[in-house]
Amino acid sequence: MSIFIGGVRFSEQTFGMNAAQIYTSLLMLGVTALLLPTLFYKAINATTPGGVNLSTDTKIGPHILAISHGVLYICFQFFQRFSHQNIWGDNDPSIQKSMEHTPQIRRMLRVMLRKRTVVATISNFTSNLRHPHISESENGRAPQRVLRSSASSEEEPDEGPQMCLSVAIAMFAPPIATIFFIGGALVTSIDDLASSINVSQEFASLIVLSLTGNVEEIKSAVKASFRDKPSEALAVTVGSSIETALLIFPFTATVAWIIHKPLPLLFDTFEAVVLFFSVLIVNYVIQDGKSNWLEGMILMFTFGFYPGSDPASEVVNCVV
């Protein structure tokens, strides 16, 4: 969505190719590690008559692998914040200027907004498509590139810390604790939620619950892309996926292993295929360091109909 919103305002946005390549590599590694238990289980059950007992056959190796991914994420944070700060954000010298729409396209978008067409759903984000600092070509048709630094300085003040760390922690602690308990209550009442809003349990779990927990993240990414900060939007979206794949899942699996409640991280075949190809499409979209509204539409339409399955019976079959 952030790429689409940025593409509506700008003809083409650019971000660092070096950062994009690192993001794609880490994302592919994390997703591959998540899918390996599923592939292992499917392959063993297809070739072994007696199947596999994951509760007894799982050795310490997979947990060492999970811990190593957590170490890799820590190394990535050190690389990003200390070792190679110059390739992140707008500091990368390879980032080109953003390209504005032609005057004809801008006029067409304004007309579409006034007529309340489909684009009107994003009118809050595209209310000012014309900028005084953008110069038009002599023939009025060639798209113009915008100097990102000048655009940012005119649109908003310099961002920086507004409060000390202790005050920030004190202000964030209560809402985080509240969200923790509300999220737990929402997960435990997912069946009632699905029946109350008249949707399937799978849709409520995969879509509604995900949107509820990531609405602020989506808002931040869209806002950054609209303000011509695609690198920041990329860090929010892809960076959070990397954090989930390399840190959250391994940490959860390791804690479950320590408290003797194995978490095999099994996905059904459809989930695994959709997850893998979604990451593959994201890699193809961002690896060139450029984005436009069509690529945003491609990502928004990368979905599949999930008919649902019975994960409880799947886990029972793998441990019996």
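Glycine too: its Cβ is placed from the backbone N, Cα and C atoms.
Just so you know, TrEMBL annotations are computer predictions that nobody has curated.
Annotation comment: TrEMBL describes 169-306 as domain 'Sodium/calcium exchanger membrane region'. Here the domain 'Sodium/calcium exchanger membrane region' (169-306) is broken down by DSSP into helix, strand and coil counts: 108 helix, 2 strand, 28 coil.
Feature annotation from TrEMBL assigns region 'Disordered' to 130-159.
Among the features that TrEMBL reports, transmembrane segment is placed at 20-40 (among others).
Residues or ranges marked as transmembrane segment by TrEMBL: 60-79 (among others).
Summarising the annotation, TrEMBL assigns transmembrane segment to 163-187 (among others). Same-chain neighbours of the transmembrane segment (163-187): 193, 209, 212-213, counting only residues six or more beyond its ends whose CB sits under 8 Å from a CB of the stretch.
Taken from TrEMBL, the feature transmembrane segment applies to 233-259 (among others).
What TrEMBL records for 265-286 (among others) is transmembrane segment.
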